[in-house]
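I have placed the structure first, in the form of C-alpha cells, so that the comments after it can refer back to it.
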Amino acid sequence: MSFIDWGALMQVLVAGLILGAGAPALFALGLRLLAGTAPVAPEGAAAASSDGEATASATVTIARPTPVRLVGAIACLGVVVGAVAFGLVFVVSGGH
Amino acid sequence: MEGVTETLLLALVVVTALAFDFTNGFHDTGNAMATSIATRALKPKTAVTLSAVLNLVGAFMSLAVAATIAKGIVDAGVITLPVVLAGLVGGIVWNLVTWLFGIPSSSSHALVGGMVGAVLAAVGTSGVLWSGVISKVLVPALLAPVIAIAVAGLGTWFVARLTRGVPQEVSNRGFRWGQIGSASLVSLAHGTNDAQKSMGIILLALIAGGAVPADSSVPFWVILSCAVAMALGTYLGGWRVIRTLGKGLVEIDSRQGMAAETSSAAVILLSSHFGFSLSTTHVATGSVLGSGVGMPGAKVRWNVAGRMFVAWLVTLPAAGLVGAVCHWLESAIGGTAGTLAVFGLLIVTSAAIWIASRRKPVDHNNVNEAWDEEKGADLESVAATTGEVGPERVGPLPAVPTAVGPILGSVESVESLAPVGAAQGKVQA
C-alpha cells in the first residue's frame with residue numbers, strides 16, 4: 001500500500017530545487033554582476049548616512065560594469081527571463 | 001412541477017458553485033500577492049488588481065477542464081445535485097471561517113472535504129475512497145510545505161549569499177521586479193487551475209440536470225461567469241489571509257519575496273506537471289516559511305505556522321462536517337424546501353461571518369501594519385519584530401478549534417445563529 005508516489009515526489013523536489021532555487025540565485029548573481037558589490041562597506045556606510053542620502057549615493061557611485069560583467073549579467077538575467085517565459089508557455093499550453 | 005423543481009435545484013447549484021469560486025479567488029489572493037504587498041513591491045490595490053486580471057486571463061486559458069470534482073476521492077456514481085450543493089456549502093463555509101481567522105487554507109481541500117462529508121451523509125462510508133483521501137489530500141498537505149520550505153529556503157540562502165554587499169537600493173529595485181514577475185506567474189497558474197474546478201462542477205450539474213448533453217463541452221457563459229466570479233473575489237482580496245502570509249509568518253524583504261514567489265511558481269507548475277498535485281496555498285505558505293528559514297538572521301513565527309498546519313489538517317473533517325450537516329438537513333426537510341433551507345443557511349452563515357469580520361476589519365489600508373497583538377487578523381501573534389515567543393499569552397493552538405466551534409455549531413440550526421447575530425447587534429433573525 002503506497003500512499004506516496006515517491007518517484008513523482010522526488011522529481012518535483014529535484015526539479016523544484018533546480019528551477020525554484022536556481023532562478024533566484026541566477027537573478028541575484030546577475031544583479032550582483034551588474035551592480036557590483038560597490039564601495040559600500042557592508043553595514044557601516046549605509047547606516048552612517050541617512051536613508052535618503054544612501055539611496056542617492058548608491059545609485060550614483062555604482063561603477064559601470066566592465067564588459068565581461070555586463071555580458072555575465074545579461075546571460076544570468078536572460079536565463080531567468082527565459083525560465084519565466086517557459087513557465088508562461090507551460091501554463092498557456094495547459095501542460096499542467 | 002418536476003421540471004420546475006429540477007430547474008430550481010440546478011440554478012441553486014450553479015449559483016453556489018459561483019459563490020465557491022468567488023471565495024476561492026478571495027481566499028487565494030494572498031498566495032500570489034501577499035509577499036509583493038508586504039515588501040511594497042506593489043501597492044495593495046495594484047497587487048490585487050493585477051492578480052484579478054491574471055486570474056481572469058488564466059481562467060479563459062484553461063481549456064482542458066477537469067470535469068470531475070473529487071475524482072478518486074468519492075464514488076462518482078453517488079454524486080447527485082443535492083450532494084453537490086451540500087458539499088459546496090461545506091467548502092464555502094470553511095473558506096469563510098478560515099478567512100475570518102486569517103488562515104491560508106486550501107480551497108480545494110475545503111471543497112473536497114465538503115463533498116466527502118456530503119457523500120458520507122448521503123450513502124455512508126462506502127461512497128468514499130479512503131485511500132484516495134489519504135494519498136490525494138492528507139499526504140500532499142504534509143509534504144507540500146516540506147518541499148516548498150526546502151526550495152524557498154535554499155533559494156533565499158543563495159540570494160542572500162550572492163547579494164551580500166550589493167547596495168540595498170539596487171537589490172530592492174531588481175528584486176521587486178523579479179517578485180512581480182514570479183507572483184504574476186503564480187496568479188496565472190491559479191486562474192488556470194482553480195477556475196476549472198468550479199467550471200467542472202457547473203458542467204457536472206448541467207449534465208446531471210439534463211440541461212446539456214453528457215458529452216458537452218463547457219458552455220461559454222460558464223467559463224465567463226466562473227472567470228468573473230474568481231476575478232471579483234481576487235480583486236476584493238482576502239486581506240486577512242494576505243496579512244498573515246505577508247506579515248505574520250516572516251518579516252520579509254524583497255529578496256525573500258522574490259525567492260518565495262519563484263519557489264511557489266516552480267513547485268506549483270512542476271507538481272502539476274509530474275502529476276503530484278499539491279495545494280497552491282500549502283506551497284505558497286511553505287515558500288514564505290522557507291524564505292524565513294533560508295535568510296540568515298530572519299525569524300520565523302512558528303507558532304503562527306503551527307496554527308496553520310493544524311487548520312490544514314482540520315480542513316477536511318471540518319468542511320466535511322458542514323457538508324454532512326447540510327445534507328442531513330436537506331434530506332430531513334426534503335424536496336425543494338430542504339434545498340432552499342440549506343441555501344438560506346449558507347446566506348445567513350456567510351452574513352454572520354462577514355459581520356463578525358467587521359469588528360476588526362483588515363483591508364488595503366492596514367494590511368501592512370506591523371504584526372502585533374491587537375491587530376493580526378485575530379491570529380494573535382506575539383512579539384512583532386523579534387519573533388520571540390511571549391510566555392504569557394494563552395496558547396495559540398486552541399484558538400482555532402474553540403473559535404471555530406460555535407460557528408460550525410451554528411450551522412446545525414438557524415436558531416443558534418441568532419445569538420451570534422444578536423451579539424453583533426444587527427443581524428436579522
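Using the three backbone atoms N, Cα and C, a Cβ is placed for every residue, glycine included.
TrEMBL has this to say about the protein:
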TRANSMEM  B:6-26  transmembrane segment
TRANSMEM  B:47-70  transmembrane segment
TRANSMEM  B:76-97  transmembrane segment
TRANSMEM  B:109-131  transmembrane segment
TRANSMEM  B:137-160  transmembrane segment
TRANSMEM  B:220-239  transmembrane segment
TRANSMEM  B:309-330  transmembrane segment
TRANSMEM  B:336-356  transmembrane segment
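The transmembrane segment (B:220-239) shares more Cβ pairs under 8 Å with B:6-26 than with any other stretch in the list B:6-26, B:137-160, B:309-330. Take the transmembrane segment (B:336-356) and the stretches B:6-26, B:76-97, B:109-131, B:137-160, B:309-330: counting Cβ pairs under 8 Å, B:76-97 has the most.
Taking every listed stretch (B:6-26, B:76-97, B:109-131, B:137-160) in turn, the largest tally of C-beta pairs under 8 A with the transmembrane segment (B:309-330) is reached by B:109-131. Away from its own ends, the transmembrane segment (B:109-131) comes close to residues 20, 69-70, 72-75, 78-80, 82-84, 86-92, 94-95, 98, 137, 141, 197, 279, 312, 315-328, 331 of its chain (Cβ-Cβ under 8 Å, at least six residues beyond either end).
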